[in-house]
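Q: First the structure, then my questions, so here it is.
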Amino acid sequence: MEAVLDSCVCVWQVCVCIWDVFVCVCQISFCLLELCEFILQLSLLLFHWIPHIWLGVFIWQFTHRKIQFDANHVYGSKHSSSSDESKSELCDDGKPTSTPYLDGTLNNLSCPTTIHNGCHLINMQRSTPVDPTKMGAGRAIAVLTSGGDAQGMNAAVRATVRVGIYTGAKVYFVHEGYQGLVDGGDNIRQATWESVSMMLQLGGTVIGSARCQDFRSKEGRAKAACNLVKLGITNLCVIGGDGSLTGANEFRNEWSELLQILLKAGKITAEEAKRSSHLNIVGMVGSIDNDFCGTDMTIGTDSALHRIMEVVDAITTTAQSHQRAFILEVMGRHCGYLALVTALACGADWVFIPEMPPDEGWEDHLCRRLTYQRSIGNRLNVIIVAEGALDLHGKPITCDIIKNLVTKKLGFDTRATVLGHVQRGGTPSAFDRILGSRMGVEAVMALLEATPNTPACVVSLSGNMAVRLPLMECVQVTKEVTTAMAEGRFEEAVKLRGKSFENNWNTYKLLAHVTAPDVKVPNNNINIAILNVGAPCAGMNAAVRSAVRIGILQGHNMLAVHDGFDGLANGTIEPMAWGYVGGWTGKGGSDLGTKRSLPASMIEEISLNIAKFNIHALVIIGGFEAFVGGLELVTAREKYEELCIPLVVIPATVSNNVPGSDFSIGADTALNTITTTCDRIKQSAAGTKRRVFIIETMGGYCGYLATMAGLAAGADAAYIYEDPFGIHDLETNVEHLLEKMKTTVKRGLILRNEKCNANYTTDFLFNLYSEEGKGVFDCRKNVLGHMQQGGTPTPFDRNFGTKMGAKAVLWLTDKLKECYRHGRIFANTPDSACVLGMKKRAMIFQPLSDLKEDTDFEHRIPKTQWWLKLRPILKILAKYKISLDTSETATMEHVIKKRGTV
């Protein structure tokens, strides 16, 4: 009975609670009703003020946008299709890769300022982005090439034309350089999208270049101005050297005066003069000598190095057969860049450059050097001479002088070869095509954003950034180099050439002007082991050679570890002497042997062998496996004290996917291999007509190779993992090709990264394009495979590997001194295990542990990759209707030298 009563009480309490909730809900409802009544009354009170409020908002918005519009036109603005994140540096030789900053002249603005490559840059944010497809509406651009030709000029012309058309502008070719500008008529013709097709892979310049005496006179420049005015052209893009660009600047400065002359002569009307009241000039530097200050690499330099290295490699084989000494003269009347980089890339015995004449008594030093090389078993000697090489007294040093010296004093069988204009010819390298394309895009934007107050600028490469610099400031600094050499200030001349030139010279001196007796006996008991990890790639051997020889110079014992971490665990380790790595610079693959195995499963064996062979430091050269393997060794330090030694990872992989570096050894060689293959495929497609090729590239999940090869080869699309795509994107690409087949360009090229999508495979894409293109085009596929990992290293990879290996061992030498405690090496801090990579225009060391957060371990790629910012350029040049991000701007104030402002 009590239980029943208890149940009744509980039920009653529940009912009371429900009633309380109901009462609360009712009270809340009454409150909401009162609130609604209050809002209604307030709305009625404000009703009469609403028109006045809207009018105020409208006036504020109009005023705000007017201020922004005026500011943009007063100060100039800059387009950037890339973010302000770099390619960071290309190596010290300035390659790249790779993202524009840009120009203008801003004063007294409260903006964050950065120093970049000797320039003050001001970063700005444009709140109202400009529609890039309407920037050029009603305007006309002319493009000409002048002076000496250079490979890659055609890529710059192509990009200028296509981006100009993309912006809505009319674009004109000026044939035969300034002579065509003066003569006019058929020399100035309107360009179309199709007219620049198939020129990307051609050397020289298809629109012609000529030296022009007529343009040096005011009368000739007046004729040129008249031809431009009649066509309504007020924007001129000049591709050439410092002389051509200086002439363009003079033309611009005289423009108003030339218009007055033409008006008085009755050759133009007042309306035409008004319509063409000012001329905008933008220059791109095309010169194989790389002699223009303000840019790391000029258009054509990398291709010229390719031609030179092809000859050097060919001569090496015949010289070894007959034990000969070869003397090669390369171009460079006033600049020794080509000679210096060639000497580094081929391991030459000596180099003569105009910036640094040899010391007194160089003849005896050279003979001792050559004699020693023969005594240690080398069957050939290579001497590189720049055509402008001089001695300390200003007398020329020629091939014949050196040949007579070596022949008479040493009795060596000696041959001299003058390469001449072969260096200007041939197909442009992948780098020059990409450089020319990026410069062309930036040049158009600079022209269309220029105002009458904007100084003539030159678009150049700084690290991996496309930047705008005042043209005449760059010309002035270039002339100061010549002045310094003429006055005997050679150390200053080397510095004025830039940091990359100076670093190349210092590395050359470290490796070339030494003899084995100086370094034969180690002066310490430090043992440094070198191993290759991951897939093989071109340039690995160059890095090993440099590391070994710099290590021996530092007095260390250098140990070779064969077959990666497997060799370290199995004890396949042997010492390396100076001659062990002779001739390795030009070898592809990995002579040490390499495997993908990681150390985690054999840590105990590795620690035992490190102790057994008394290894004090490790140089790990490889790809993503090298990065992960280094992390595993660092993690195991807690358990194995033998692993508490300094180590450095040098990125070397065709995939270019190692965190901490924008470029990897081997990627440039693979990129050139893909580009060359695509050229041949496009040639085949051009012959058969109405054919689309689908090419699969390597890279794992990293789309670097597919994207950059797409830019270099002129692909219609490049599918990569980092830029997700779906069926609608594929449909758009198919429709694009169907439209393309209606034009005179009846071919297509599609690149696909091997792991861009698990479902949209190469076979799937082939079947899709084949089905959708029936009756319009047929389809072929090609999987490039391991040919991308082979071949002879490019000049860039040889030079890059050489400098990376040297810098790694020098860093380890300093780190070993820091870690020497109580008679032994003990390193367990994060900064004792680093990746050596190129970032922000410098080669820097970053702790492995710090890079974990920026790494996608599942897909084996960095989370941030600079080259993704170049993908819009690829699509625009393929004629896709996309929009560029023009919200970010950056401007430059002055070019600055180390000793002061220009």
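Indices start at 1 and increase along the chain as displayed.
Here the Cβ of each residue, glycine as well, is placed from N, Cα and C on the backbone.
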Q: With TrEMBL as the source, which of 15-37, 38-60 is set down as transmembrane segment?
A: 38-60
Q: Where Arg333 (substrate binding site) and Asp289 (active site, proton acceptor) are concerned, what is their Cα separation in Å, rounded?
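A: That comes out at 8 Å between the alpha carbons.
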Q: Take the mean position of the Cβ atoms of Gly148, Arg211, Cys212, Gly241, Asp242, Gly243, Ser244, the recorded ATP site. Which other residues of that chain put their Cβ within 8 Å of it?
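A: Near the ATP site, beyond Gly148, Arg211, Cys212, Gly241, Asp242, Gly243, Ser244, sit Ser146, Gly147, Gly240, Gly247.
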Q: Please name which of the binding-site residues listed here, Arg211, Cys212, Gly241, Arg691, Gln789, is nearest in space to Arg424 (substrate binding site), Cα against Cα.
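A: Among Arg211, Cys212, Gly241, Arg691, Gln789, Gly241.
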Q: Roughly how many Å lie between the Cα atoms of Gln789 (beta-D-fructose 2,6-bisphosphate binding site) and Asp289 (active site, proton acceptor), rounded to a whole value?
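A: That comes out at 30 Å between the alpha carbons.
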Q: Excluding near sequence neighbours, so keeping only residues 6 or more apart in the same chain, what lies with its CB under 8 A of Ser244 (ATP binding site)?
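A: Set apart from Ser244 (ATP binding site) by at least 6 residues yet with Cβ under 8 Å, we have Ser146, Gly147, Gly177, Tyr178, Val238, Gly283.
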Q: With every protein chain in view, how many other Cβ atoms are within 10 Å of the Cβ of Asp289 (active site, proton acceptor)?
A: 25
Q: Average the per-residue pLDDT over the region 'N-terminal catalytic PFK domain 1' (1-513) and send me the rounded value.
A: 81
Q: Work out how many Å separate Gly241 (ATP binding site) and Ser287 (substrate binding site) at their Cα atoms, rounded off.
A: 6
Q: Far apart in sequence but close in space: which same-chain residues, 6 or more away, have a Cβ under 8 Å from Met331 (substrate binding site)?
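A: Ile288, Asp289, Ala304, Leu338, Ala386, Glu387, Leu419, Gly420, Gln423, Arg424 - these are the non-local Cβ neighbours of Met331 (substrate binding site), listed in sequence order.
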